[in-house]
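Q: Below are the features I grabbed from Swiss-Prot:
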- Glu245: active site, proton acceptor (ACT_SITE)
- Cys279: active site, proton donor (ACT_SITE)
- 144-147, Arg155, 170-174, 202-208, 223-246, Cys279, 379-381: NADP(+) binding site (BINDING)
- Asn147, Arg155, Cys279: substrate binding site (BINDING)
- Asn147: site 'Transition state stabilizer' (SITE)
Amino acid sequence: MKIYIDGEWRDSSSGETIKKYNPSTGEVLDTFPAATRNDVDAAIDSAEDAFKRWSDMTSMERSKILYKALELISKDKDQLTDLLIKENGKVKREAMDETEGVIDQLQYYTEFERKLTGDIVEGTSNKRKIFQYKVPYGIVIAITPWNFPAAMVIRKLAPALLTGNTVILKPSSDTPLTAEWLVKKFVDAGIPKGVLNLITGKGSEIGDYIVEHKKVSLITMTGSTSTGQRIMEKASKNMAKLILELGGKAPFMVWKDANIERALKSLVWAKYLNVGQSCIAAERLYIHEDIYDEFMKKFIEVSKRIKLGDPESSDMGPLINKSAVETTEKYVDIARSSGYKILLGGKKPELSGKYKNGYFYEPTIIENVPQDSPLFQEEIFGPVIGAESVSSVDELYEKANDSKYGLASYLFTEDPELIFEASEKIRFGELYVNMPGPEASQGYHTGFRLTGQAGEGSKYGISEYLKLKNVYVDYSRGNLSISTVNDDLFKNL
């Protein structure tokens with residue numbers, strides 16, 4: 001693959017490349033350029049040159065290009081699905097689902113262009129008005145993760161481009177090929193030179209440089225909390241606007257009156273989707289003591305049936321890389337050494353053929369996990385979940401909220417009073433009641449505490465890419481009177 005700068009596909013200026021591995025087999029899938037600071041400068045200069053032309057276009061004109069990209073992606077959606085399977089390790093049904101999500105998101109944003117409005121506000125007299133315009137920030141750096149490498153690219157690119165910003169896309173080094181595929185569709189759709197640039201490479205080499213660049217106006221990043229904190233530190237030098245979607249530690253709460261089958265299906269989705277590599281993945285399981293044994297028995301049985309291996313026919317894919325496997329093993333080792341009860345899994349599976357070297361890990365269920373354990377306090381990002389019983393709503397709220405993160409949460413109950421009370425008591429940006437995700441395009445994806453700041457999706461997410469500009473107008477005739485200025489100063493001029 002190549003990077004894309006100033007309307008040209010090119011190699012890194014150093015010629016250096018990095019290997020990309022297939023998570024399912026451990027085999028080399030491709031190589032991609034390791035961009036340099038010179039490449040970053042070239043991309044930023046190109047984006048700066050293109051900004052005036054792009055922002056001067058109407059939102060309708062920009063939307064037409066996005067819509068053409070939507071048509072091209074829809075036409076070749078099977079290619080995207082296959083790429084997600086190979087590069088990310090997704091099983092086929094998950095890859096297909098993400099592809100459809102990409103199409104839905106892009107359609108949502110292309111249809112929003114007629115809703116980009118400002119306000120006219122009354123001034124201090126009847127002949128004064130305040131015109132509040134929404135204008136693009138300028139150059140946007142979009143840093144995207146590997147866990148949903150297509151959906152997250154679109155969730156950042158589409159609103160940024162629609163609102164008149166120019167973009168430099170920096171995808172994860174674990175999924176650069178998906179980003180390249182999507183950028184090609186925008187190029188084929190006729191996006192002008194410099195409006196969209198693609199940079200790949202090591203964050204350690206270009207990460208700090210790109211986010212602290214003086215010409216960058218907005219940075220949007222989905223990733224770890226530690227990375228987000230570093231970006232905040234570096235970007236503060238130039239006061240760049242930040243949209244940061246970071247860590248999560250979702251509580252999955254099942255009350256005594258819950259529909260067990262509905263809760264089980266949703267838990268399988270929330271825990272094992274993408275092998276638990278999701279910021280909204282269920283990582284803490286709280287079940288009412290009256291149904292705890294019944295629920296856990298069924299959850300274990302369902303988890304035993306999950307097939308690993310061939311993405312065409314399996315239920316759960318591999319972790320993204322060797323490091324992710326080691327991290328998962330670290331938390332399971334903590335459980336073992338601490339005496340927690342491992343009810344299922346806790347090891348890598350024994351697979352044969354080309355999948356034997358893949359980064360697979362078995363569904364793992366652990367109980368007797370204390371609230372202060374790393375398994376309940378730190379984001380694991382793997383197919384591991386700790387379980388605990390609760391006896392009261394106060395205990396439920398206290399334990400659910402006991403997290404440094406505050407992104408997604410799940411509640412299963414038939415009690416309307418509990419539903420509405422929990423919607424106020426649970427301090428998370430998203431509460432899914434009697435359903436799994438996924439987040440809808442028209443929903444606002446945001447969180448509390450160390451989950452980040454600002455948000456994405458919906459009309460609120462689009463507004464994050466626009467700066468409110470105020471124009472104060474006095475259209476009265478005659479002399480102007482200002483209370484703090486002496487009119488005598490202007491006599492006989």
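Note that Cβ sites are derived from N, Cα and C of the backbone, with glycine treated the same way.
On a predicted model such as this, the values are computed, not experimentally measured, just so you know.
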Q: Whole-number Å only: compute the distance from the Cα of Arg230 (NADP(+) binding site) to the Cα of Arg155 (substrate binding site).
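A: Cα of Arg230 (NADP(+) binding site) to Cα of Arg155 (substrate binding site) measures 22 Å after rounding.
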Q: At the Cα level, what's the spacing in Å between Ser204 (NADP(+) binding site) and Asn147 (substrate binding site), rounded?
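A: About 20 Å separate the Cα atoms of these two residues.
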Q: For the binding-site residues Thr144, Asn147, Ser204, Ser224, which Cβ has the most other Cβ atoms within 10 Å, all shown protein chains included?
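A: Highest number of other Cβ atoms within 10 Å: Thr144.
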Q: Please list, in sequence order, every residue of the chain apart from Asn147, Arg155, Cys279 whose Cβ lies within 8 Å of the Cβ centroid of the substrate site.
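A: For the substrate site, the extra neighbours are Pro145, Phe148, Ala151, Met152, Thr222, Glu245, Ser278.
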Q: Which is it, of Glu245, Glu379: the one of these recorded positions whose Cβ has the most other Cβ atoms within 10 Å?
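A: Within the set of recorded positions, the most crowded position is Glu245.
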Q: Below 8 Å Cβ to Cβ and six or more residues apart, same chain only. Which residues does that give for Leu242 (NADP(+) binding site)?
A: Leu218, Ile219, Thr220, Met221, Ile231, Met232, Ala235, Gln453, Ala454
Q: Of the binding-site residues Asn147, Pro171, Ser224, which one sits closest to Glu245 (active site, proton acceptor) when you measure Cα to Cα?
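A: Going through Asn147, Pro171, Ser224 one by one, the Cα closest to that of Glu245 (active site, proton acceptor) is Ser224.
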Q: For the substrate binding site, please report the maximum Cα-Cα distance among Asn147, Arg155, Cys279 in Å.
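A: In whole numbers, the farthest two Cα atoms are 15 Å apart.
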